[in-house]
Amino acid sequence: MSTLLAPLRPYAGRAVVVGVSGGADSVALLRALVQVRARPVVVHLDHALRPGSAEDAAWVQAFAAQLRVGHMGTRVDVAAVAARRGWNMEDAARRIRYEVLGRGARQHGAEAVLTAHTRRDQAETVLMELLRGEAALTGIPSVRGRVRRPWLDVSRSEIEGYLEALGQDWREDPTNADVTYTRAWLRAEVMPVLAARFPGIEAALARVAKLSQQDNQALNDLAAALTPHGPREQLPLAVLRRRVAQELRAASLPFHAGHIDQLAQAHRSGETRHVTLPGGQDITVTGGALHLGGHLFASPAFSWPDGWTLRKRQAGDRIRLPGGTRKLSDLLTDLKVPRQQRDQVPLLVSGQGVEWIGLEPNIWAVGAREAAGQKADPVDTAMGEALMLAHEAALAQEVPVGAVVLDPAGRVVGRGCNTSRVDGDMTRHAELAALRAAAAELGTPYLSGCTLVVTLEPCPMCLGAALEARVGRIVYGARNPRAGALGGVSDLLTSNWGHVPTVTGGVRAKEAARLLRASFQELRRRKSESADL
Ligand SMILES: Nc1ncnc2c1ncn2[C@@H]1O[C@H](COP(=O)(O)OP(=O)(O)OP(=O)(O)O)[C@@H](O)[C@H]1O
């Protein structure tokens, strides 16, 4: 008996709505709630699905009156609603039931809605999830919104014993014996066979649900904490699948398990994959990120010079880039723009060829930005300066890393390069030098609204310094697989540090990586020369 009453004691003195079907479990729950001196209000839904349902409704009303507790009865033609909305019958009954229970709670000022789901219901639900091949065997949750299920650990025999001791009767729902319903079939025909060999089957399945709920929660939390900039290729599929599902849910897009598998796999392999969701929405995974249709493209937010036209691509389009003129089709392939979407990319084109490509971030032909009267992107210019600083470090036989700090107006307020070798101090990193210089220039160590631009993904020390300084944005060039703290080795921003800068990686990454490669080659050459001496 204490297993029945103990989970209900927290409701003593409180108004709660309790869903009572008239079956043994919910009848016992109502009696037990009265016993612990809660203030229950009975809500009953007559689903109008079988001839005797009105009698059950009347029975529940009389039962509530007998116990002198509040009662709200509602009759809904569930079959008609299901037909109208295209829901299956069980789904419709469940949705309408919780809607009615929620309404009851609002009307009676109850903070909780209690249902009498038991360990038997839990075990059957886990079995159904297993048979359907669900991703997680989490069963029925004990809490969802304001709904509470305090008896998920309680067995049927405890409930029957309790009702017997009270001399309390209940109603039997004949559909519970109709084995055309999967749950009734599991209860009547499958569970007895399993229990004959495994007497503890019900408790075992309930335990699976409890552990699985904990695992699922942990994996969902990990997925939710992923930062949008972090690399995804090395993440476990279990986390990726959940992240993809979260992103689709946040965008209110319907999906099936198969879509999640495909999209998660594509994140991992880095391949480009297109999927059409049940609602007809096309989505794409490319470069390890999920793009919900149309997301990839930008319209020109400036007035363009006379002689330029806005259009989509045509055969033979070319663009002048710093490395030489390239075919547009080759460039779009390199940029991993999905083939089906290439005809939608907005272009500004002049007699000289393509001048501007409406991808995020925008791509400009050489000289086009100036011709359109657009200021150079301060971040791009700052990265150019950081690359120069890195080059100077390389000449001084340091690891070639350069950093620049921009104030909120885009003005350079701090510069630095690596000086660890000459200073004999491994903490002399470019970022620290640039942050110090910026603090001195601005007269404050707090660099909120400033941007740290650095040629190499910061190490944990430098990321820590940027967080301490409250830097608003970090832009880096090459990824740092040996010491990167933004995903190269580990993404430290997945933890909560109180302050979260926005992060953009991969800006002029090829140039930064080239510098690093050249300097390490030079270092190796010098080492082998000195070994030869
Ligand atoms: N018609 C209904 N009106 C109000 N609440 C209901 C109704 N049917 C079910 N519930 C609530 O949902 C819970 C789970 O529903 P389920 O269909 O498993 O129960 P049941 O077998 O009909 O009855 P019981 O659980 O009371 O023996 C019930 O314990 C009860 O709290």
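For all residues, glycine too, the Cβ spot is worked out from N, Cα and C.
Quick look at what TrEMBL lists:
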type	residues	note
BINDING	Ser21, Gly22, Gly23, Ala24, Asp25, Ser26	ATP binding site
DOMAIN	377-500	domain 'CMP/dCMP-type deaminase'
BINDING	His429, Cys459, Cys462	Zn(2+) binding site
ACT_SITE	Glu431	active site, proton donor
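Remark: Ser21 (ATP binding site) has His44, Asp56, Val60, Arg171, Asp173 as non-local neighbours, by Cβ distance under 8 Å and separation of at least 6 in sequence. Taking Gly23, Ala24, Asp25, Ser26, Glu431 as the candidate recorded positions, the subset whose CB lies under 6 angstroms from any atom of ligand 1 consists of Gly23, Ala24, Asp25, Ser26. Neighbour list (Glu431 (active site, proton donor), Cβ cut-off 8 Å, at least 6 residues apart, same chain): Ala403, Gly416, Leu452, Val454, Pro458, Cys462, Ala465, Ala466. The ATP site is defined by Ser21, Gly22, Gly23, Ala24, Asp25, Ser26, and by the 8 Å test on Cβ atoms against their centroid, the other residues of the chain that qualify are Val20, Val27, Ala28, Ala116, Trp170, Arg171, Asp173. In sequence order, Ala430, Glu431, Leu432, Pro458, Pro460, Met461, Leu463, Ala465, Ala483 are the same-chain residues whose CB sits within 8 A of the CB centroid of His429, Cys459, Cys462, the residues recorded for Zn(2+) being left out. The binding-site residues in question are Ala24, His429, Cys462, and the one with the fewest Cβ neighbours inside 10 Å is Ala24. Per-class residue totals from DSSP over the domain 'CMP/dCMP-type deaminase' (377-500), listed helix then strand then coil: 47 helix, 25 strand, 52 coil. For Cys459 (Zn(2+) binding site), the count of additional Cβ atoms within 10 Å of its Cβ stands at 20 [all protein chains shown]. Residue environment of Gly22 (ATP binding site) contains 20 other Cβ atoms, counted within 10 Å of its Cβ in all protein chains. Within its own chain, Asp25 (ATP binding site) has Ala116, His117, Thr118, Trp151, Arg156, Ile159 as residues 6 or more apart in sequence whose C-beta sits under 8 angstroms from its own.
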